[in-house]
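A.B. asks: Sharing a structure below in structure tokens format, with a few things to ask.
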Amino acid sequence: MVAALANLTLNDELFNRVVPQDQNFDNEYTGAFHFRVWKANRWIDVCVDDRLPTRNGELLYMKSRSGNEFWSALLEKAYAKIHGSYEALSGGSACEAMEDFTGGITEQYDVRQAPHNLYMIMLKAYERNALMSCSITPGERLEERLSNGLVAGHAYSITSVKLVFIERLKGKMPLIRIRNPWGEHEWRGAWADGSKEWSLVDEEERERVGLKFDADGEFWMSMKDFERNFHYLELCNLGPDALTEEMLTDSSTKKWEVAVYEGSWVAGATAGGCRNYLETHWVNPQYFITLMDPDEDDDDEKCTMIVALMQKNRRAMRTLGGGLFLTIGFAIYRVSDPENVDKPLSLNFFKMTPSAARSHTFINSREVTTRFKLSVGTYCIVPSTFEPNQTGDFLLRVFTEKKNTLTEHDSKPAISAPEPEVAAPEEDPDSEKARHLQALFAKIAGDDLEVNCYELQKILTVVFQKDFPNRDEAGPFSELQGNKFSLDVCRSMISLMDSNHSGKLGLEDFRALWIMIRTWRNTFKLYDTDEDGALDTMELRQALHSAGYTINNHILSFLVLRYGHDGFINFDDFIGCAVKLRCMIEIFREKDVRRMGSAVFTIDDWLQRTMYC
């Protein structure tokens with residue numbers, strides 16, 4: 001966190017956003033302070049009191065050397081508050097803190113294994129106002145001063161990246177300006193303060209790069225020396241919201257194009273695991289991105305794309321006894337014909353299509369970030385946990401140099417005709433089965449020839465008794481499975497067919513309902529391959545699609561939460577799910593007369609329709 005704050009102090013705009021300047025110790029002082037911290041795509045105002053933890057009269061955590069400067073300790077307290085405790089901050093990194101104080105995307109590089117174009121990455125990042133820091137792996141001593149003036153174990157800030165023109169060489173030297181946040185101990189090698197190399201640079205060029213020689217802990221060095229001496233580089237790419245209004249309106253300002261989506265992995269629904277689990281990998285959330293133009297200065301006609309996948313709210317979960325981080329990553333697939341593919345991409349697509357790129361690793365950290373160079377075209381990003389059936393929320397962010405379009409690749413809810421293999425045919429009214437059903441209806445309905453939910457339950461219990469198997473104790477619903485439809489499901493069936501809101505069904509409405517129920521029963525049997533009376537919830541979306549329902553991942557997740565049990569859904573709940581879905585869609589379509597995908601309800605109308613449903 002120290003290195004992140006040191007970087008933050010270099011940018012007044014960023015610092016003042018995190019540490020608002022509207023607070024002091026004047027007559028209106030109340031003992032409260034507020035700070036602004038970025039948390040999972042939102043800026044949060046955090047208020048804390050002025051009580052700081054101490055031991056033996058000394059601040060226990062972050063402190064200033066001056067002894068009368070407390071903003072850093074108070075900010076640390078606010079940071080601990082949004083994460084649940086000071087303990088939750090342990091194990092955090094400078095990258096996390098830099099993101100939380102800027103809203104940017106952080107990349108990490110091992111300089112010893114860095115890409116050949118690392119300097120160009122740094123130069124472009126600097127041109128886009130990125131915050132950068134670097135460090136040297138410490139030896140036995142945590143902070144060891146080296147013979148070249150550098151200190152191992154310190155986190156240095158990178159304050160400038162410049163190509164410096166040298167007249168005598170008729171070329172440019174890649175240089176980096178570095179600052180020691182502790183304000184002492186500087187580099188003693190080439191391009192250090194007052195070194196002979198600066199005599200090669202004329203006065204005008206010195207002014208352009210902002211050269212000054214002070215014993216302030218800030219110094220220049222060549223890229224070659226940087227690669228020889230530093231081990232790690234962290235750079236935080238800032239989005240447009242971190243730029244000033246003046247910078248945003250200036251056409252010469254270089255800035256990232258940013259796209260963001262929030263999503264969830266829900267066990268049994270949208271948590272399919274990585275590509276190793278190919279049969280379920282396709283159920284993960286899918287996002288299409290179209291890269292339209294290559295980078296300006298890229299000879300290979302490629303597009304830079306930085307993808308960051310962050311899992312949300314996991315540190316706070318640790319204070320509640322939960323695990324810290326899931327193991328996460330993502331895969332990227334090229335889509336050659338985006339207008340003519342399934343929504344979402346089906347299992348068959350992933351069987352036939354290898355990944356075009358992927359995160360550099362699957363890792364149990366808060367965020368995994370990888371930079372890519374890709375050709376112009378459309379790609380599908382599939383974020384996932386490493387193993388299936390792990391629940392969590394995530395934030396997907398994509399930075400590109402040129403404009404991009406990022407959309408969630410999923411279908412819109414709809415009702416259509418069921419697939420032929422499950423569709424129940426209409427019964428011939430003169431058939432023996434139809435006459436038997438009509439007689440049963442008349443017997444239970446009584447003189448009014450209408451049935452309420454209790455009477456409907458009796459009829460369906462007789463007709464569908466064989467579809468409620470006796471479960472052995474090892475079955476997933478052995479304690480929950482009855483031998484009839486629940487009253488709640490029967491009430492929803494009445495609501496679905498009851499156009500005059502009488503709370504009852506006549507014979508014709510019952511016949512229409514009868515066809516629907518048989519279709520849903522056929523669907524259930526088709527997907528209940530082991531005939532144990534339960535579907536795997538991972539198959540629920542496909543089963544509903546066969547029955548004529550098109551749903552998306554958001555709806556699927558709620559259906560699994562509502563009707564699933566330990567990864568399965570029984571016959572009664574499957575029918576209840578199908579009934580409720582049809583009922584809700586019909587209510588919406590009744591108001592969406594122009595079929596625009598939107599409807600307006602008064603609160604009274606909404607409550608009447610949904611409570612009855």
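Cβ coordinates are placed from backbone N, Cα and C, and glycine is handled just like the others.
What you are looking at is a predicted structure, and each value in this text was computed from that prediction instead of being measured.
Taken from TrEMBL, the feature active site applies to HIS154, ASN180. Annotation source TrEMBL lists compositional bias 'Low complexity' at 413-423. Annotation comment: TrEMBL describes 1-239 as domain 'Calpain catalytic'. Among the features that TrEMBL reports, domain 'EF-hand' is placed at 515-550. Summarising the annotation, TrEMBL assigns region 'Disordered' to 407-430.
Have a look at these and tell me how they're positioned relative to everything else.
C.D. replies: DSSP classifies HIS154 (active site) as coil under the three-state reduction.
Under the DSSP three-state reduction, ASN180 (active site) is assigned to coil, being neither helix nor strand.
The compositional bias 'Low complexity' (413-423): residue composition by secondary structure is 0 helix, 2 strand, 9 coil, according to DSSP.
Long-range Cβ contacts of the domain 'EF-hand' (515-550) within its own chain (Cβ-Cβ under 8 Å, at least 6 residues beyond either end) map to 268-269, 272, 280, 283, 411-419, 421-427, 460, 464, 467-469, 471, 475-477, 481, 493, 556, 559-560, 564, 567-571, 574-575, 577-578, 581-582.
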A.B. asks: Work out how many Å separate HIS154 (active site) and ASN180 (active site) at their Cα atoms, rounded off.
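C.D. replies: On Cα coordinates alone, these residues lie 8 Å apart.
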A.B. asks: Could you list the residues of the same chain, at least six apart in sequence, whose Cβ is under 8 A from the Cβ of ASN180 (active site)?
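C.D. replies: Expected: VAL151, HIS154, TYR156, GLU186, GLY217, GLU218.
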A.B. asks: For the domain 'EF-hand' (515-550), DSSP counts of helix, strand and coil?
C.D. replies: 23 helix, 5 strand, 8 coil
A.B. asks: Note the mean pLDDT of the domain 'Calpain catalytic' (1-239), expressed as a whole number.
C.D. replies: 88
